[in-house]
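Chemist: Under the heading transmembrane segment, TrEMBL lists 72-96, 108-130, 150-171, 192-212, 329-354, 374-397, 451-472, 492-513, 519-542.
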Amino acid sequence: MAPRPEAESVSPAALSEKSSIKDVVPARSTMDLVDADDPWDLPDLKDTGIKWSDLDTRGKILRVLTGIGKGILLLGFLYVFICSLDILSSAFQLVGGKAAGDIFQGNAVLANPVAGLVIGVLVTVLVQSSSTSSSIVVSMVSSGILDVQTAVPIIMGANIGTSVTNTIVAMMQAGDRNEFRRAFAGATVHDFFNWLSVLILLPLEVATGVLYKLTDLLIKSFNIQSGEDAPDLLNVITDPLTDSIIQLDKSVINDLATGDEGARNKSLIKFWCTVEKYKVLQNVSVESCVNYTACWEDGGKFWAEQNVTMTNNIERCSHIFAYTTLPDLAVGLILLAASLLLLCTCLILIVKLLNSMLKGQVAVVIKKVLNTDFPFPFGWVTGYIAIVVGAGMTFIVQSSSVFTSAITPLVGIGVISLERAYPLTLGSNIGTTTTSILAAMASPGDTLSNSLQIALCHFIFNIMGILIWYPIPFMRIPIRLARGLGNRTAKYRWFAILYLILCFLVLPLSVFGLSMAGWIVMVSVCVPIVVLIIFVIVVNVMQSRWPRFLPKVLRSWDFLPRPLHSLAPWDAVVTSMLGFCSNRCCCCCKCSNCCQRNDEEAVRKGSLEVYDNPAMSFDDDPKDTVTHF
């Protein structure tokens with residue numbers, strides 16, 4: 001029998017040293033590495049204050065009054081937040097409204113369904129309102145410039161463009177990595193739903209005309225009478241503030257889109273709020289005397305008596321820019337900067353107030369109400385109720401951008417889960433179409449049919465998208481894509497800006513430019529790109545699930561240069577550029593000693609965050625610490 005080894009003798013000093021090492025709290029960066037919590041789990045908003053039972057009478061009264069005050073402040077900040085979104089939309093219309101009207105004049109280009117789609121995206125991004133771009137389309141259809149079948153892809157593009165607002169709002173929460181992860185995913189789940197629906201339904205519409213035929217059948221089947229205009233619920237509250245800042249004459253964009261050259265010299269800013277229009281019989285030059293009772297020739301021209309509409313300005317507007325001499329572009333840029341600043345400030349204050357209010361039992365109750373499913377076997381009903389709630393709330397506020405932008409911060413701080421935000425967003429898409437249907441029903445009798453058919457196309461497009469991407473849990477691909485994009489943007493926060501520019505500006509402009517060159521050029525450029533994208537997606541799926549079926553070289557992307565399959569090299573470039581710019585900007589103000597202060601903070605923080613904690617060196621699986629912007 002082998003001799004039993006003697007027990008290793010350990011001195012008490014060594015034991016105390018080892019225990020003291022294990023008791024050392026790891027540095028923040030090391031704790032992030034060993035933290036195994038799922039970042040998508042909703043955080044517990046714990047109440048760190050004194051319990052209600054431990055408060056005396058005075059403390060209870062103060063807490064109640066504080067809660068009421070915070071609630072009033074929250075409503076006030078929410079009101080200003082919604083008003084800033086309205087001003088942001090007006091600013092975008094001043095900056096790009098006339099360009100949007102000019103884009104719609106290319107009738108030959110609009111005949112191309114892909115070009116019509118990207119035009120709908122671009123115009124909606126420019127005017128920050130799908131209802132405005134939809135009304136332009138309806139005006140063009142009513143005036144005979146566009147037919148309904150040509151306008152359907154433009155409506156699909158407007159559906160995509162309206163989701164840019166809540167994506168911008170999500171970027172305001174980039175300060176906290178996990179909040180930004182959830183907020184950006186909650187915003188872009190709307191984007192992915194719209195893009196995926198278009199990828200399926202646009203080719204189907206081009207091949208079969210299903211939306212056009214179905215809505216045409218509905219219009220002919222029902223004896224639809226002209227109804228009331230869409231209810232103006234939210235605007236009754238917000239208009240007093242927004243109208244005191246800026247008022248726009250949106251008919252100028254419609255006139256430009258319908259080919260009125262006289263509107264090119266008009267300002268979008270409304271200077272006269274009360275006008276009187278009347279008709280006067282005047283002598284005007286005409287091409288010929290056909291169809292005119294009183295017509296004559298004078299000086300080689302034909303003249304006839306015709307009624308001309310005259311406008312008499314009665315009362316001047318009272319908003320801030322009613323007497324301005326600045327061009328529309330300058331006013332738009334001023335309002336754009338001011339509204340973005342106001343939007344950021346309100347959003348930060350709303351998030352801080354919600355974080356201070358939603359604690360303890362209140363947070364538990366709200367989370368249960370918003371995120372808990374019905375008991376078995378009725379759990380599947382919960383999502384459809386959320387769709388109805390989203391549609392109803394959007395109908396009340398009359399703007400899908402306002403509703404989705406309002407729930408985005410709630411997703412970020414963890415009050416609403418991504419799985420619950422998805423059906424709320426789908427309902428918002430339906431709600432924004434019901435208001436356009438009611439508005440179309442107020443159209444005159446001769447244009448009612450076409451106007452209502454376009455609104456129904458928008459409605460049925462969203463219904464069909466929901467039927468594809470929601471009822472079957474496996475088909476809820478937008479949630480998985482948004483979650484992946486949220487992880488990516490949380491790791492590389494600059495990628496959110498790149499995504500916004502690529503999806504809503506570069507891609508639509510590129511496709512629009514190719515469509516101007518004709519079908520042959522667009523197909524010859526786009527088809528290889530689409531084939532490459534499909535190939536990359538298929539290989540990625542097979543690499544993660546069935547790598548044995550791939551050739552050895554394709555089992556990873558390591559054979560490519562690293563910048564082609566990883567964002568880490570690009571992150572290093574962006575981080576170094578931002579660091580260079582911040583250092584240069586700081587050193588320009590040496591009088592404030594900010595450089596010395598930043599250096600001291602870097603040394604102090606670096607000792608805790610940048611370097612590995614030696615106390616954790618006994619870990620068996622060391623990990624590299626990488627700091628990303």
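Here, residue 1 is simply the first one shown, and the rest follow in order.
Using N, Cα and C of the backbone, Cβ positions are placed for all residues, glycine too.
Situate these features within the shown structure.
Modeler: Same-chain residues lying 6 or more positions outside the transmembrane segment (72-96) and placing a CB less than 8 Å from one of its CB atoms are 125-129, 132, 165, 234, 237-238, 241-242, 245-246, 248, 250, 253, 268-269, 328-329, 331-333, 335-336, 338-340, 342-343, 346-347, 349-350, 353-354, 357, 397, 399, 401-402, 405-406.
Same-chain residues lying 6+ beyond the ends of the transmembrane segment (519-542) with a Cβ under 8 Å from its Cβ atoms: 112, 114, 511, 549-550, 554.
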Chemist: Between the transmembrane segment (492-513) and the stretches 150-171, 192-212, 329-354, 451-472, work out which stretch tops the count of Cβ pairs under 8 Å.
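Modeler: So the stretch in question is 150-171.
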Chemist: State the residues, same chain only, that lie 6 or more residues beyond the ends of the transmembrane segment (451-472) and have a CB under 8 A from a CB inside it; answer 'none' if no residue qualifies.
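Modeler: For the transmembrane segment (451-472), the nonlocal Cβ contacts are 134, 137-138, 141-142, 148, 151-152, 155-156, 158-159, 193-194, 196-197, 200-201, 211-212, 214-216, 218-219, 224, 383, 387, 422-423, 426, 429-430, 433-434, 436-437, 439-441, 443, 478.
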